[in-house]
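Peer 1: Dropping the structure in here first, questions after.
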Amino acid sequence: MGKEDDRGEEYLFKIVLIGDSAVGKSNLLSRFSRDEFDTNSKATIGVEFQTQLVEIEGKEVKAQIWDTAGQERFRAVTSAYYRGAFGALIVYDITRGDTFESVKRWLQELNTHCDTAVAQMLVGNKCDLEDIRAVSVEEGKALAEEEGLFFMETSALDATNVDKAFEIVIREIFNNVSRKLLNSDAYKAELSVNRVSLVNNQDGSESSWRNPSCCSR
């Protein structure tokens, strides 16, 4: 206490993980937030979230990442789950084609319930299971380009691209918010009410993060 905060901004961004059951959403979250992988992970019941600190351009950003059950019987939480989200990772399992086919339905639900523009990343998880792959990298990339999403394949098991996927979404949110705050007091007020506390209006944008077809493995 008593220490003067010279950073000027304080950010808290809500990010949601969506996708069918058993695609690895919970393990992606635990790998990113705690660097852990649970081989006996059970289906999520209801909603869970973790908060992770990330530093961007000298500013402390708190990402509040929400994980929810993918089963249809839990869809009653939909509106509250999406409300106030700044970003979303839409996750499918590269070994299960049906989870990839569900992506457009998840995108429709996301766009229906979110109350603001959302930074979106399509994530093909379990890329360590190359021998039983059912969805090609090219298919994932093509869908991401069609829908205007970032794209990345990940493995929660061996941590491939997990940090990178989350960090791209967080940085994209940061850049979007910074640009809008530069010229909009109304937007600043909206964010303060919804889910972000901001003190100053400084632009921290980096256009190099805005590749809508980012794909790495």
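Keep in mind that glycine also has a Cβ here, set from the backbone N, Cα and C atoms.
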Peer 1: Identify the motif 'Effector region' range according to Swiss-Prot, selecting from 41-49, 59-67, 131-139.
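Peer 2: When 41-49, 59-67, 131-139 are checked in Swiss-Prot, motif 'Effector region' belongs to 41-49.
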Peer 1: Can you tell which of the binding-site residues (Ala22, Lys25, Cys127) has the fewest other C-beta atoms within 10 angstroms of its C-beta?
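Peer 2: Lowest Cβ count within 10 Å among the binding-site residues (Ala22, Lys25, Cys127) is Ala22.
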